[in-house]
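*Asks:* Below you will find the structure I want to go over with you.
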Amino acid sequence: MITIDGSYGEGGGQILRTSVALSTITGEPVRIVNIRANRPNPGLRPQHLHAILALKHLANAEVKGAHVGSRELVFIPKKLEAKEISIDIGTAGSITLVLQALLPAMVFAREKVKFRITGGTDVSWSPPVDYLSNVTLFALEKIGIHGEIRVIRRGHYPKGGGIVEGYVEPWNEKRELVAKEYSRIIKIEGISHATNLPSHVAERQARAAKDELLQLKVPIEIRTEISRSIGPGSGIVVWAETDCLRLGGDALGKKGKPAEIVGKEAAQELLDQLKPGHCVDKFLGDQLIPFLAFSGGVIWVSEITNHLKTNIWVVESFLGRIFDVDGNVGEPGKIRVIRRV
């Protein structure tokens, strides 16, 4: 059994998500201690618990310590099987963080896996669902992974109630990813949404983002989406499609924050990611790590983050030395797979 120290590096939920996903894929039992030790409210949160329970279902696993607040978890997987997954986080817990745990494992099932998750679609400290469906999935397609993520209903903090449905196909053909420098930006796209709010909120977010991005001198199309849910909220995701991959930026609205500031923030984040000229933004970088171990390849990221370094550490705890990292945290960098699994 592999023991993982949950307080390593940035000591967040990602250690847990990647560990249980890798355990499911490899069939290797794992014990995780000091779960989220560096966080103000340590231990398992509802979104972590539901990700674990979904992976337990997929892997027919035996699990100990699976409850909110738990600081230690034992996960003993049996056989990975394709099953339908239905999760209600019960709070505005992040749907995309649950998916970050599920996606690497689901693609190793022998048949298509469908999922339906209820919770937060656009919440702080996690990628918005539009980022996952338009940036992450676009990159995964390049390595041979096919799937879909659809927003049925938005969910914001504190009420949640968002619904996301989708599926992934089995990863039958693993293709190497070589994503170094882009040579041109083809277009900018985006989605600006307002839920239980006037339509002008989404329109103003979109307009402000577009004004900021005009300097790139490429076609820009940011569509607005107005919807109803159980609570109000707004946000915007913008992405640049290059001749390599897509890079993204996003921002969330909140009470008292002008829509123009929200739009400008998302655009500025995208501009920051594009600046180094590397194909992979800092958010996608850490998301790709578990997949790259199996596909092989090389990625140049706009910024090496603690998240990325921590994810590499977890993957290598299971699989041995896989990656060579050139660069320091907080700076652009290069990640090369020196041994694919």
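The backbone N, Cα and C atoms fix where each Cβ goes, glycine too.
Quick caveat, the model's predicted, so the values are computed rather than measured.
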*Asks:* For the ATP site that Swiss-Prot assigns to PHE283, LEU284, GLY285, ASP286, GLN287, which of GLN100, GLN205 is also named?
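*Replies:* So, going by the record in Swiss-Prot, that would be GLN100.
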*Asks:* Using DSSP, would you call HIS307 (active site, tele-AMP-histidine intermediate) helix, strand or coil?
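*Replies:* In the DSSP reduction, HIS307 (active site, tele-AMP-histidine intermediate) maps to helix.
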*Asks:* Between HIS307 (active site, tele-AMP-histidine intermediate) and ASP286 (ATP binding site), how many Å separate their Cα atoms?
*Replies:* 6
*Asks:* Across all the protein chains here, work out how many other Cβ atoms are within 10 Å of the Cβ of ASP286 (ATP binding site).
*Replies:* 23
